[in-house]
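Chemist: Take this structure first; my questions come after.
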């Protein structure tokens with residue numbers, strides 16, 4: 001009993017510590033208990049806070065690690081695993097700063113207006129000229145300017161895709177699948193067929209991943225290849241698509257044209273990369289090899305080249321018709337190959353030519369418009385084609401590859417030339433540019449040939465300058481030009497050029513390049529820079545974007561290598577003087 005009573009009493013004593021009345025009678029113990037409770041609560045809260053902060057820090061470091069891994073992957077993709085292919089002794093690696101340009105409501109509104117213009121042009125073509133090369137809007141009929149290859153359809157494929165016009169793209173794709181036939185007894189321009197048809201099909205393939213377009217591009221390219229079978233490798237500029245007979249037009253005196261012969265590199269290199277067949281690349285790079293042998297110190301070539309000897313003939317030097325896109329492709333072939341050592345010779349030739357370009361630069365009085373002269377022998381002509389207005393965009397695109405000092409100089413030259421080109425438009429009553437301009441002391445400029453055939457070169461340069469600088473002034477200039485097209489060139493059945501930019505009298509042709517280039521560049525001018533970014537795509541001279549694919553072949557093998565190139569992983573002239581009678 002005694003042991004049981006003591007046990008019961010001990011149990012009672014222990015439970016008393018849980019009774020509130022026990023502590024109310026003993027204030028010191030109550031205070032001690034309160035302090036202990038607060039201390040314990042603070043300790044637990046502090047541990048939880050530290051754990052949360054630690055987890056946040058872990059998450060931040062994890063995100064940073066993922067970002068760094070992505071950057072490493074991007075660098076490997078851009079410059080390849082073999083970093084020795086980059087010539088770091090000559091120039092720093094060209095990694096231009098991206099100008100991040102956010103979308104804004106005004107850009108979106110203007111972009112939709114351009115899209116509406118494309119829909120109007122395309123719907124009119126579908127209604128009145130479907131399957132033919134180009135639409136004559138005033139008479140509401142089609143005309144086969146390029147042998148009946150459906151030039152407007154092929155030229156417009158990538159524009160439709162980029163603008164998200166899916167139904168129209170699918171109808172165009174169906175026509176390509178069922179009706180596009182290259183087996184025609186037609187004397188085709190090698191240049192025009194390459195930049196419009198081969199370029200348009202390859203761009204559609206790169207954008208959509210649809211192998212139909214690649215198969216068609218290979219078909220037409222195979223029909224063009226015999227044009228390069230000359231003693232020098234400089235191609236003839238015309239070829240019969242059915243029989244393969246190649247020759248030069250009589251009006252050139254048997255000579256090949258510089259732009260026609262040096263503006264197939266992007267398309268044929270891309271075709272070799274996509275198919276794994278090196279023959280296309282070999283043909284077009286041999287042209288550059290031949291021209292390198294006698295490349296002048298100023299990098300400026302006359303517009304005529306002898307296809308038998310590979311040497312230039314006495315003729316005009318110009319950045320306008322028949323010369324322009326040769327210089328453009330020197331820069332863009334370097335970009336297309338991702339600026340590795342394998343394509344460095346293109347950049348070297350282009351830089352030499354840009355130093356030569358500087359010797360052709362003059363300024364007007366009194367307004368100091370900067371312009372590019374033409375040159376014949378030792379004589380300069382104060383004349384500039386609107387076609388030469390591609391040059392500001394080219395200079396801006398290539399400026400970041402120069403050393404500091406030169407890059408600013410060439411970018412400034414680009415901006416000055418763009419101002420001149422914009423004033424080609426602003427100086428006429430219709431606010432549309434003529435075909436060429438002459439410059440006179442004390443009188444600035446005057447329009448020469450006064451037609452406008454919906455050309456894209458000025459808006460192309462405005463697009464490059466806006467994308468590369470972020471300066472919205474170039475968007476405003478582009479918008480003004482677009483409004484002038486809407487006011488003067490839009491009719492109920494499509495868009496037409498002007499016979500005279502002073503009187504506004506209309507012609508009867510909707511050029512395919514209006515849909516392929518002019519409207520595409522205007523649309524991109526008001527689109528975020530993430531749409532066809534410059535570090536992934538390069539535009540051919542018909543505004544067809546082609547994927548950049550890093551090249552590691554040796555320079556001495558260019559144009560002659562028998563090495564089979566692996567196709568890339570699948571991914572979803574300037575005109576030489578387009579016929580002015582169109």
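The first residue you see is number 1, and the count goes up from there.
Backbone N, Cα and C atoms are what each Cβ position is placed from, and that goes for glycine too.
Nobody curates TrEMBL annotations by hand; they come from automatic prediction.
Pasting the relevant annotations from TrEMBL:
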- 51-85: coiled coil (COILED)
- 192: active site, proton donor (ACT_SITE)
- 324: active site (ACT_SITE)
- 389-421: disulfide bond (DISULFID)
- 435: active site, proton donor (ACT_SITE)
- 457: active site (ACT_SITE)
- 541: Ca(2+) binding site (BINDING)
- 551-582: region 'Disordered' (REGION)
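I'm curious about the neighbourhood of these features; can you describe it?
Modeler: Cβ contacts within 10 Å of residue 389 (disulfide bond), excluding its own Cβ and spanning all protein chains shown: 30.
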Chemist: Name, in the order they occur in the sequence, the residues of the same chain whose CB lies under 8 A from the CB of residue 421 (disulfide bond) and which sit 6 or more residues away.
Modeler: 386, 389, 392, 433, 457, 458, 461
Chemist: When the Cα of residue 435 (active site, proton donor) is compared with the Cα of each of the recorded positions 192, 324, 541, which one is closest?
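Modeler: Result: the closest of the recorded positions to residue 435 (active site, proton donor) is 324.
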Chemist: Can you grab the distance from residue 192 (active site, proton donor) over to residue 541 (Ca(2+) binding site)? Cα atoms, rounded to a whole Å.
Modeler: 10
Chemist: Near residue 541 (Ca(2+) binding site), how many other Cβ atoms are within 10 Å of its Cβ?
Modeler: 30
Chemist: Measure the Cβ-based neighbour count of residue 457 (active site), defined as the other Cβ atoms within 10 Å of its Cβ.
Modeler: 27
